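Okay, so here's the structure we're looking at.
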Amino acid sequence: MLSSCRAVTSMSRWSKHKKTKEVISMLSHNQKPNSWKILWRLIKSVQGRTSSKVLYVMVCAIFGILTGVTNSILLAQGLGFIFPTTNTETDGIQSVYLLVFAHNLPVMERLTIVCVTVVVAYILIFSFNVAQNYLGLKLYQEICALLRWKAYLKIQSMSTSFFDTQNNGDLMSRLTNDVYNINNLYAQVGGQTIQSLFILMTTATILFVLSPVIALISLTVLIALIALSFLFLKKARAAYAKVQNNLGDMSGYIEEVLSNHKVVHVLKLQEVMIDNFDKYNRPMVNPTIKANTYAVFIYSWFGFISNITYLASISIATAFSVNNIPSFGVSAINYSFMLSYIAALRQTALPLNQIFSLWNLIQLGIVSGERVFKILDLESPQKQATITKLPNIKGNIRFEKVVFGYSADKPILTGIDFSVKHGDIVAIVGPTGAGKSTIINLLMKFYKPFAGKIYMDNFEISEVSETAWREKISIVLQDPFLFSGTIKENIRMGRQDATDEEIIEACKVANAHDFIMRLPQGYNTFISNKTDYLSVGERQLLTIARAVIRNAPVLLLDEATSSIDVHSEKLIQQSIGRLMKDKTSFIISHRLSIIRNATLIIVINDGKVLEMGNHEQLMRQNGFYARLKRSAVK
């Protein structure tokens, strides 16, 4: 929980060059990613789902495609069936019509037969497309929910030091915006890709059946022109990557400012924050324009090469017909052949054209996939602990020559030694920056010391899992934090199996029961960290009740009574007094009344223990503690 001072410091870092942040970030782009590998991982994510669901989508897509292609050919050849030429020989699919239906039927009856056949095909196409879209969307939503859950799980498994170097807004953007882009890739492009593969195989087969020579020439021209498109794809992807990275930076800035809006208003920083926002907003413009320009160009380019391919095919077929060159296929080169061939060729180019029209979604999906996979590929802290469950702990705490710093080149604690017995009330005293909160952070196992050892009873901290270690510790921070939910649910966060009766008793111990009962819905009143009808003191009493229900043998109080009014302070001190009973308590506070009652005061400065003793002993020594207290009184 950040204090106001830390909030201002945190916001000020946005004014630094963002390159500094990229260097320290574990999610920064240190190497050029491979788009095909990312795309393959996205495909494997689909493959990893229930095979039957994937099969249903593919079956619907295949039948829809086959019906559509067949319908196009039936429609083209049906014209020849309706209006037969004087040639007694019939080619291609016209023969099918004549075999099924009498060739001597009147024109209107022939028209009816063709129309009914085509309408039935359209109904089948519609049915298969609806089924494919529904099943596909359901499948893709499940995949994205799984990706989002895995990414969130990975983030939750990371150590506290990970969050010291990460942009929270960027993490949120990866879990929301990037997963949304992946969903669009699956929903818009996934089904289209399945269709495209089978359309290409089906129509290519039809083209080669009609005329293998002309088909080979047409497809060669088409493939050669498509190959030129890949010259622009790398540039387009780089532009989209820049857009997403800038969006993550901007999201981080917005999250930081909005979460500290009170500090911004108190310090009248609105204009400064607006100017800083523009530094993140404006860089979004040019990369976005550039990325979309590439997408439009690629789409238009493919439309151009499709038309060139059609023209080339017609020219070649005409040349074959004029020079009496056989088609080497099942049909002679005539009017019906041209209709069938161009229809099949259009069906070949159409899915590719549709994919190129969605190229912006493809690039965004690949870039977003890379950003999400960077989270999934993070190495979780190594679980070296061999003890996953601690027995009943008394709460004896011992530091042995502990050395630690938030950066390797700047140690904050240098050889901390002290020993605390069960039931002691320990006050940690020192000037700002001496390392008081760092000791609390190490006790909570948020960080690993560079050197030295920390013991709880006879268990060394590195041998115990984080969960088992923290089960034995309760903490009350300077800034009370409330979860979104009812008061009862908030208190139960301290211990999930607590009964309603235990929650009420804990609130009575914490002096919170009376004001809770004055609320309209009592313990079922909905609150959140932004609730404004609870005072700071009342919010702190709720966090104390949460610590009471936890009933851990070690208690940490980090400035728990600062910024509290006199009436609330008395209630909080009473509740803390009850809470500390039969516990080993560590207190960080500037209030003399709280420090005076400590059984042991540890005085630290510049990362070292200078003095230890109770208040009277340290005052008689007339050392650093005595000078610190006299200066505080002045």
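Yeah, the Cβs are placed from backbone N, Cα and C, and that goes for glycine too.
Going by Swiss-Prot, these are the annotated features:
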- 54-74: transmembrane segment (TRANSMEM)
- 54-364: domain 'ABC transmembrane type-1' (DOMAIN)
- 111-131: transmembrane segment (TRANSMEM)
- 189-209: transmembrane segment (TRANSMEM)
- 213-233: transmembrane segment (TRANSMEM)
- 296-316: transmembrane segment (TRANSMEM)
- 325-345: transmembrane segment (TRANSMEM)
- 397-631: domain 'ABC transporter' (DOMAIN)
- GLY430, PRO431, THR432, GLY433, ALA434, GLY435, LYS436, SER437: ATP binding site (BINDING)
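Structural mapping of features recorded in Swiss-Prot.
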residue : record           : Cβ contacts under 8 Å, 6 or more apart
GLY430  : ATP binding site : LYS436, VAL603, ILE604, ASN605, LEU628
PRO431  : ATP binding site : ASN605, LEU628
THR432  : ATP binding site : none
GLY433  : ATP binding site : none
ALA434  : ATP binding site : ILE604, ASN605, ASP606, GLY607
GLY435  : ATP binding site : ILE412, LEU413, ILE416, ILE604, GLY607
SER437  : ATP binding site : ASP558, ILE588
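Take the mean position of the Cβ atoms of GLY430, PRO431, THR432, GLY433, ALA434, GLY435, LYS436, SER437, the recorded ATP site; other residues of that chain with a Cβ within 8 Å of it are THR438, ILE604, ASN605. Remote same-chain partners of the transmembrane segment (213-233), defined as residues 6 or more beyond its termini with a Cβ less than 8 Å from a stretch Cβ, comprise 204, 207, 294, 297-298, 301-302, 305-306, 308-309, 312-313, 316-317, 320, 327-328, 341, 345, 348-349, 352, 356. DSSP assigns SER437 (ATP binding site) to a helix.
Secondary structure at GLY430 (ATP binding site), taken from DSSP and collapsed to helix, strand or coil, is coil.
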